[in-house]
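S.K.: Handing you this structure, nothing more for now.
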Amino acid sequence: MIFATLEHILTHISFSIISIVIPTHLMTSVYEIVGLCDLSEKGMIATFFCITGLLVTRWIYSGHVPLSDLYESLMFLSWSFSFIHIVPYFRNYKNYFSTITAPSAILTQGFATSGLLTKMHQSAILVPALQSRWLMMHVSMMLLSYAALLCGSLLSITLLVITFRRNIDIIGKTNHLLISSFSFDEIQYLNVSFRNYHRYQLTQRLDHWSYRVIGLGFTLLTIGILSGAVWANEAWGSYWNWDPKETWAFITWTVFAIYSHTRTNKSLQGANSAIVASIGFLIIWICYFGVNLLGRGLHSYGSFTLNI
């Protein structure tokens, strides 16, 4: 009872903190207030430790790693987003993930604590299929890979939006320059060039970090799939069964393998590889969440009960 109460308290504290962090971060993005920026980063650190405490508490009183159902996997996914958020802070890097990770963490945690998953808030005994030492290895790797791939894909989507807007601005400004006076043309040209240079720098940085994060996520996804294959062989006598979850995991892996190939090809870098990553964003959600709603297979343990 004490552990359940502590888990409940930590859930509400983490959700409340991150609810304050998001508008604070938006204010710092607009007004560049250093104090508020530092406050929002510390808020995400506090959120990370609250969710960590929540998962550890649930682990202690349930007797098994908290990765057995959709509620627990969503809380772990929220923890993963928080972890990705605070890594640049401790390594003194400019945080390009902040506008992505904080909303992602609150949305996943918000859905996890919603009325749809109320029955799963109380920990239950593991079903026989999940009573394996491979549970922690396989599911944690898959969820960490989802978090990394989602963040990298969102950076790629941001890159596409900036590139698309830049192209529109260039076309609009070019047409305007053709009908303007010569002296005004020079001023406009310098302004457009200056803005485009900074946008170019931003897109290059987004492309760089997107590639690094997706590369990490792809590695974790590969480890997760391989460990799942070993577990499947122990549980069902076959390394691969082509059930809906496994099929979509393979599709996800293939999409990001294609991304890795396009990203290493100089002629396909930038917008082309970002389009592939954007497609991957949708594929991940189908693999993680949609398959259990639309399909049945060895990984489906009833509606809203398991998603690994």
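Glycine too: its Cβ is placed from the backbone N, Cα and C atoms.
Features from Swiss-Prot:
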- 15-37: transmembrane segment (TRANSMEM)
- 43-63: transmembrane segment (TRANSMEM)
- 70-90: transmembrane segment (TRANSMEM)
- 97-117: transmembrane segment (TRANSMEM)
- 142-162: transmembrane segment (TRANSMEM)
- 213-233: transmembrane segment (TRANSMEM)
- 246-260: transmembrane segment (TRANSMEM)
- 274-294: transmembrane segment (TRANSMEM)
S.K.: In terms of Cβ proximity under 8 Å, which residues at least six beyond the ends of the transmembrane segment (246-260) contact it?
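M.R.: Hits for the transmembrane segment (246-260): 142, 149, 214-215, 217-218, 221-222, 225, 228, 232, 240, 273, 276-277, 279-280, 283-284, 286-287, 291, 297-299.
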S.K.: Which of 43-63, 97-117, 213-233, 274-294 has the most Cβ pairs closer than 8 Å to the transmembrane segment (70-90)?
M.R.: 97-117
S.K.: By a Cβ-Cβ criterion of under 8 Å, what residues six or more beyond either terminus of the transmembrane segment (274-294) are in contact with it?
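M.R.: That would be 70, 146, 149-150, 152-154, 156-157, 159-160, 163, 207, 210, 214, 244-245, 248-249, 251-252, 255-256, 258-259, 262, 300, 303-304, 306-307.
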